[in-house]
Structures are given as C-alpha cells and as structure tokens.
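Participant: The following block contains the structure, expressed as structure tokens.
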Amino acid sequence: MRRAPLLLYLTWLSVSFYSGIWLFTSGFLLMRIELNNQSRCSEPPSPAPHRQAAPCWFPQRFHKAVIVIIDALKYDFAKYNPANNNPKPYENKLGIIHQLTTSQPQHARLYPFRADPPTTTMQRIKGFTTGSLPTFVDVGSNFASYAIQEDNLIHQMIQNGKRVVFMGDDTWDGLFPKKFYKSFFFPSFNVKDLHTVDDGILQHLYPTVDGGDWDVVIAHFLGVDHCGHKHGPDHAETAKKLTQMNQVISTLIDHLDDQTLLVVAGDHGMTDTGDHGGDSEKEVTAALFLYSKAPLFADQLQTDPPAVPQVNLVPSLSLLLGIPIPYSNLGAIIDDLFGFPRDKLTAQLSKTSAYHLNAQQDYFSTGNVLLIYPYKVARYLDSYSRAAGDLPADKLRVLADRFSSLTAEYEQLMAHQEQQSEEELEAHLQMIIQGLRSYLDQAREVCMESWARFHPLHMIMGCIILLTSCFLCYIIAEAGSASTLPYKYLLGYPLLFSISATAMLGLAIWMSVVELDLVTVCAAATIVYQMSFYFNFRTRKGSEMSWRKRPIYLILSGPWVVLLVRCCSLFSDSYVVAEANVAPFLLTSLLTVTVVKLHWDSKLMLPTFNPLGNESLKPSLTPTYRKDGSRLLGLLAALGLCVRLSGLFHNCREETPDCQPSSFLSPLSSVRDPDIKNFSYLCCIVCLGFIVFFIRKWLQHYGNLNSSSPLVLYVRWGFPLIVLGIACYWALSSGTEDSLAKLRELTHLALVVSPRAIYALAALGLLLILWNPITIFMKSRASDEDNTVTTYHGAPGSAAELQHVIPQIYRKMQRTLKSRLQHGGVGEDGKKGTAVEAYGLGSVYSAAMVITISILTLVLIMLHSERLTPAFLLLLLEAFIILHIHGHVANLYSDGVELFSVPWYAVLAWSLAASQHFYSTGHQPVFPAIHWNSAFVGFQDGHTNNIIPALMVAANTFSASILFSAGSCLLLLWPFLCEAPTARRKKGKKESREGDTEDHDMPMMEMRLREDPDRFSVALLQLGTKYLFIQGVQLLSCVCAAMILRRHLMVWKVFAPKFLFEGLGFVVSSLFLLLGIALVLRVDCAVSNWFKRLIVQQNR
C-alpha cells in the first residue's frame, strides 16, 4: 500500500478548499481601515458663529471624571421597579441609582445604552473610545486585542494633559499599551473567576480617588459578566454581584466633589443564558448612569429617556472635559448634558453650538470640502473615502448640501437674533438642532453602508475554487475503482507545476512587475494545480483511469436528492434557523429510504404475519435475510429514539423567541435544589460509566482485550482512571462559591490538577496507539492440522510475499480455531502439531479506531457541561446504529468485492449525524452560543497565550465534527466486521450445514483488506474524497448563500455566522479526517510488521 502519496493527496485536496475559503473570506469580511489622523485643540473643524470662547473647541465643564464600566450591565439590571414585590435575582439590586434619579433629578439620570453589534467586550471598548463602528469581522480578534491606532478618547485625554488611571480588565492593556498614567490590570479571560478583577479594583479605587493624583479614573468591573457566563442572570451569584456593584457606586459617590462627573456604563447586555456577542435586543441594550454633585440636567425627566447610542458618549465626554472630539467619531452629543446653563435661551444656544461643532467634525469627515470651507483640511470620511475609495459620491453630495443649508440658516439666525423674540429664536434653534441631529444620523448610516462593502472578484474566485475542488473530489471518488492509481499524475506533476507558478509569481512580485497579495498568490497556485490535474486526468482516464459517467437516474437517487435539498435549503434563513430540527429529519429519512430500497430491490424481506398459518404462502427466505429484516427494523427504531432524545439538549437562537434553551446546558453549579443536583450528578456518572463499559464490551467481543500489550492495559486501567478523574472534577466544580470557601485553595488546586491529569492520560493513550496500535493476542498450541504455508519464491519479507502469504496464514488460523472448537484440539489420528491462534486480528483496524474515538470522547465530555454527558452517550449509540445499518445493507447488496467501496448514502448519513450532534451538544452557529467556559477546564488561572484557549473552545464547539470525522474510516471497516459467511449467504440452510468445513465459510473480516492492499488504498482514497466532497458541497452552498444574499436583511445575523461556522467546521473535519486515515495507515503498517515477524517465526 502506498501510504504517503495517499495522505499527501488528501492533504492537498484539503488545502485547495482552504485556499477557496481564504479567498472568499478576504472578499466577504473586509475590515474597516483605521486612519492615523488626529484632532487637535489648535485645529478646530472650522470657525462658527456664536462659538463660546474656550481654549479647546468648547468650554470645559468638568475638571475630572470617574468612568465605571460594569461589564454586561444590561438596562434591566439597573432599572428599579418599586412596585415589583417578587423580583428576580437580577432585579431591583441597584437601589442607589433609583434613589439618586428620583431624589436628585437634575444631578442623576439613567439611560438605555445601545451598543452596536458585535457585542463583544473589545469591540465595545473600541466603540465608546473612538466613537466609530466596528465591523463584523472584528469579532475574531476579541481575544487577541490589537492596539487601537486611530484617534480615540484616551489619546485625546493624555494629549491634553489629563492623568488617566486605569484599573480592571486587562483587555485595555492590549488596546492602549503603555498609555495610562497609572494602571492596575487583572486577567479577564477566565469567565469562571467571579472576584479577582473586582476585588483588585476595590483595593485601588478609593485610595486613588482620595489621593487626587489623577484627572480621569477608569474602572472596568467583570464580575457581573462572569456571573452571567457561569451561572446565567437568574442566579443568586448574579444577585450578590449586583448588590456589590450597588455598594461600590454608593461608596464612590461619597468620595467625589462637585467638579467630578461620574459615568457608570455597561458595555453590552446579555441573553437569558448569560451569553453575548450577537445583536439581539437583550445583548445590545446596556445601561448608562450619569451623576454629578453639581447640577447636570436642566429639567426633571417626565418619561423614560430615549436610548443613547454608545458612540454618543465619545463627543459628549470630550466636550464636557474640554478636549477635542476624536477624529473618527461618528456619534452625536447627548443633548441633555448641554442644556443646563442659566436661562432656556442660553441653554439652546449652547446646545446648538455643541451640535454644530459635532456636525462640523462629522461634516468635514464626510468631507466635500469644495462646497463649504474649502480652505480647511478634509476630515475623517474624506480621508477615509480617499483611502478606501468606496464612499458613495451621491450620498456625500446630499450630506454636503444638507449641512450647507443648516450652516447658512444658523449663521443667518445668529446675525439677526436681535430682531427676533426670545420664543421665535428658541423655536428656530430647536429646528436647527433637529436638523443637525438628523444630519449626524444620516452620516452614520452612510458609514455603516460603506463598511458593509465587498470585493466581488475575490468572492467569485473563492466560489470557483471551492466548486472545482468539489468536482475534483467527485471524479476521484468515482474514478478510484482502478486497481492502480498513478499518484505522479494526481499529485506529483500538478504540484510541481503549482510550485513553479508560485515561484514565478514570487519573482515577479520581488521585481515589482506585478503587485499581488498573499491571498491572490495562494489562489493562483491552487488554480494552476487544479488545471494541471484536470489535464492529466483527461489524457489518462482512458488508459489507467476507468472513470464511469454516472447515469442521470443515479444522480437523482435518494442520497443525492437529500444532499441537493440540504444544500438548496441553506439559501433560506428560516432553514438555517431551524436546521437543528431539519438535519435529524433528513438523516432518518435517508436511512429509512435506504432500507426500503433494499426491500424494493428484493434484497430484504421484512417480517410478516400470516393469519392463515399456511406455510406454503410464505416466501422462501434464507435465515440470514429473515434475521437482517428484523434487525434493520429494530435499528431504525433505535435510531429514531436516539434522534428524539438528542433533541432534549438543544440551544436556542434569538430569532426563535418561543424557544427555551435546554436546562441541561447549564452546569451543575447553577442548580439550586441539592436533590436535583445530586441526582443529575449521579446520572452523568452513570452515562460516563456506560460509555466506557460499552466500549470495553465491544473490544472484548471481538477479542481485542486479551493481550497484555501496553495499549490493552491502558484500556483496562486508563479508562476507569479517566472516568474517576472526570467525576472528581465535576464534584468540585459543581460546588457553590460559599460551600467551598473554607477549602478554596485546595479546591482550586484540585480543579487545575484533575483536568490536567486527564489531559496527560489521554495524551498517553494516543501515544500508545501511535507506538503500537496492535491489540492482538497470539498463542501457540498443539494441533493435528497441516500448518504448511506455500511461500512466495521471491525476496523474503517483500510486499509481494506478504500479499501472497498473509491470507493463507489467516485462513490457517481460522481452521485451527474451528478444529479446536469441534475436536478439543486433538485430531482423529491423535497426532498433534503446532498451530497459532490470534484473537482480535479480524478487528485490529476497528479496535484502534474505537479506542482513539473513546479517548477523544472522554476529553470532549470534560470540556462540556456535566449535564451534556447523556448527549455524548446518544452520539456514540447513534454512530453505532448507523454503522450497523450500513454494515447490514452493504453485505446484503454486495458479493464481497463491493465492500471496498463505501456508498454515498453512508457518507452522507455520517455527515448529517455530525451536523445533528453539533446542535444536540448545545451549540448554534452564532457567537453568543459559544461555550467560552471550556477554555478554562484545567486552567483556572487563565492562559499566557491565545492559542490554547482557542483550541479548547474550538474542540468544544466542533466536538461532533471531530468524532465523526476521526471515525469516518469505520464506514469502510464496519461492513467487514458484519460480513456474513459467504457459503451461508449463497446456499440454503441444508447446504450450509454440509459445507461447514469449507475455508470460505468463515468470514475473514478485516483481513480481507490485506488480500489486496492496492484496493485498500483506493478505498481509503475514495472514502476521503467522498467525505470531503459532501462537506465541501455544504460549505459551497453556505458561501454562495452569503455571496448572493450579502444585501439581505439577515446576512450578518444568519448567513455570515453560518458561513464562518461552516468554514471552521470544514477545517476541523478535514484535519481529523486526515488524522483518522493516518491512524488506519499506521495500523496497517503495524499489521504488516506483525505478519513479517510471524513469517520469520514460521520459517524457523
């Protein structure tokens, strides 16, 4: 078997898909360009009428500011309802806010604070420090915070002499490195840690405020957000944390003077499960509380205040503190803050001046400087338009005309204000304010539309590469039945041409002949490779490649119809939202149709009941057919039961408000009732124990637990140790904060040590599999049989000798074992010889695969919530059922030769099962549904880099894809395990009894793969290309849906997240598919070496 070319070819196919994904992503998810331009006091936007004398743009109103950011402080947490006599744990906890807003309405006010999606912390910090809008793709860097280069509030404070002290979330350190006058950073990524950040802030907050060595203090608390992630909002720990925040605000107010502004804000909200990152109403609605001991507002608010966009905080704070508005700001001022001065007219003039200054900032950002103030430098969006070249000129012209008319009206009003009464002047000023506010909103909308721009050529080329990669997989899957595959034409020559083309492009770029980015170069290399492959395939398919054109009725058969329906449905946002229900339906429908087709093709007669009792009316069936009919019906029923039960572990999207997330998604620590908690814990342990018991029983059934090899000893003792470690970890992590307070240090140590010990045991098991994956027990005994094996007259130990001798050895072992069962090991003439018995040889490939999947399953279970353990048990049972259905169907259809080719329906069913269990393990293709807690299993103190947590979160999210992709080779191996004796399949009952002594009556199981290594290699190649094809076609459908519907209302809510999850899922699936095939090849190499040693022993 040619192992290396097989792996290299499948690897290159995967790389072709990666290139298409990368190219499409570069055209679909473009990041906004950050400009380095900065605002300065010495360069106001323009002269304006009635501009108050000030050293920097606008008169300073406050000398100091304390900004308290309470992460995930949603508006419902801050709002107080005295009439609520039965509040939820998160309600009516911030009483100090209600007290101040009612008793001091001119000093305090609470606003809904509306965030722009994505609602992740880093993007929100960027939003209310720059006043600009993040793009969708920025969410990918949430945990790899890059320093903000564009102008921002922190930079303006420091540039204008403000001493800024920061304490709290260390995300700010990545965004503003070495910017603060003083800083106290604390690790933020460990969402299970509720107190470290908050306690660290409280150690420094009050001493810093009392010390006076500051102008601006920023404190970013994380406890509320971490409570939401760990327990959800409706939990006692959330109530405790909100009560603590109430005390913090109350105490802090006592330390402030009347020259200090207090800002308490949430960066985002949270869902009912405590998650955030999307754009649902609960995620984008945070709280903003403003307070000053000096009067801050003109009148008492009569109704609930309108929502304030987060970007509006930037210009408001800038003008109140007397510093320039950051260059890239798109927000408008909070006009309530600029209406307090002496009389109403003066307030209106001040407010109009602030709005006009704000609008000028944005107008010159939109920047048609030829129409107004041509002597001034164009501001933000003019610079941005020049850099990006995609701001619509017609909309810029409309904005320019709008601002021009407003400015002219304002100047004319100020020039003739003595001729108007106070009431008329106030009315005209109010109209101008409304016009300026409308202008700012329109400018913001233009920017949002602009930053949703795409690169059509990159998207189209990405789709083409994905399409050609799928077609390449298909023709290899269908043409791979040839006995010999010329890998030099499939891999060698195309790869050589691709490398040559890449080298030529690199030389051209180095010589400045052309200008291409890395994405384009990789795409060009992929296209050259594929064109070379198609040329070689077309010229050689008539000689060495016997590729058959499939009839159209086969293309429209059951599996292809199901795949077509699934791919077309991905263009519907309703289907994507309901995919958790549709994928199980397609899976059960596909397998049911497959079994029905067996009956239609007269391969299977289902059990019938004859009320007349006339035996002559019954069809003549062999016992095997009759048994298979009952078994297949039972397997289908079991599959339906597993599918229904797996639906209990669902998560919900915000598009389905009537849906309630499964209670199994919440960890045991969130369960209040101790009886329910103990019962749930016991059920989880029972499920975990049953998984190990089931795996060991399977291995024992096929004789793979009889030897004393290190791998077998590991299965016997290592699996129970892993289960014990997981049980201990669950017991410790499910305790409440209070119950473990006395043993906190010891508990913390155990929470770190136990998962890491499990990681080490799992790594040891995988290393043992790589070192020696053989689980065969061999012993010699006396025998009367003729043990002579006809040797191959050639090079000893060669591949040809192995191919010739191995089937004889295996059949000799079968006859020896059968003779022992019949005669007790003694021949008829009493003579005894020496024979070899090998237990587990017929399932040696599958055993290694099952052990590997078992290890991965145990680790993945630990990365999930404890209560999802039954979901993984159902996953394994469903995979076992699919394999058995496939094994029975394959043996009923084939005569033994076709077992080497895995049919399309089996690969599609395997892929659908992976999709189904993505949802059945509590996931959804949206960012708020990501289980961030998994990054800290065994890392309670956080991480020193972003690689390990990213890998752990990815393993949690794509756990179903990992297990099904790694185990995909079982689709090839399982029919050999289920193979019935050929004599019994072809003969009647009487004939089979008479022919029991024939060699072919006993199945060779997986040793049949050793009879024809080339066919085995081709079968693995076909399986790999079929799996890549089905995964690639689904990915291509998501890509096309995102491209075609890129202006759809739901593109960023449904189609873009689905594309990202499908793309990442494809990468994970292809990697573990390669690892699974590599494992089979490693076992094959070990089996070859085992037979070599056996041949040498026999020759002696």
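Cβ coordinates are placed from backbone N, Cα and C, and glycine is handled just like the others.
TrEMBL lists 912-1062 with the feature domain 'GPI ethanolamine phosphate transferase 2 C-terminal'. The transmembrane segment annotation in TrEMBL covers 7-31, 457-477, 489-512, 518-537, 582-600, 679-699, 711-732, 838-862, 868-887, 899-919, 958-977, 1065-1083 (among others).
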Participant: So, does the transmembrane segment (518-537) come close enough to the transmembrane segment (679-699) to give 3+ Cβ pairs below 8 Å, pairs being at least 6 apart in sequence?
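Facilitator: Checked: the transmembrane segment (679-699) vs the transmembrane segment (518-537), no contact.
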Participant: Hey, does the transmembrane segment (457-477) touch the transmembrane segment (1065-1083), meaning at least 3 C-beta pairs closer than 8 angstroms, sequence gap 6 or more?
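Facilitator: Per Cβ check, the transmembrane segment (1065-1083) does not touch the transmembrane segment (457-477).
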Participant: Based on Cβ pairs under 8 Å, which of the stretches 457-477, 518-537, 838-862, 868-887 lies most in contact with the transmembrane segment (582-600)?
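Facilitator: Maximum Cβ contact count belongs to 868-887.
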Participant: Please indicate, using numbers and ranges, the residues of the same chain that are 6 or more beyond the transmembrane segment (838-862) and have a C-beta under 8 Å from a C-beta there.
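Facilitator: Tertiary neighbours of the transmembrane segment (838-862) are 688, 691-692, 695, 698-699, 702-707, 711, 715, 719, 722-723, 726, 729, 755, 758-759, 762, 765-766, 769, 773-778, 810, 813, 868-869, 872, 875-876, 937, 955-956, 959, 962-963, 966-967, 969-970, 973-974, 976-977, 1003-1007, 1009, 1076, 1079-1080, 1082-1084, 1087.
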Participant: Give residue numbers and ranges for long-range contacts of the transmembrane segment (457-477): same chain, 6 or more residues beyond its ends, CB-CB under 8 A.
Facilitator: 13, 16-17, 19-28, 490, 519, 523, 526-527, 530, 533-534, 537, 547, 1021-1022, 1025-1026, 1028-1029, 1032-1033, 1035-1036, 1039-1040, 1043
Participant: Mind looking up the mean pLDDT for the domain 'GPI ethanolamine phosphate transferase 2 C-terminal' (912-1062) in the predicted model?
Facilitator: 81
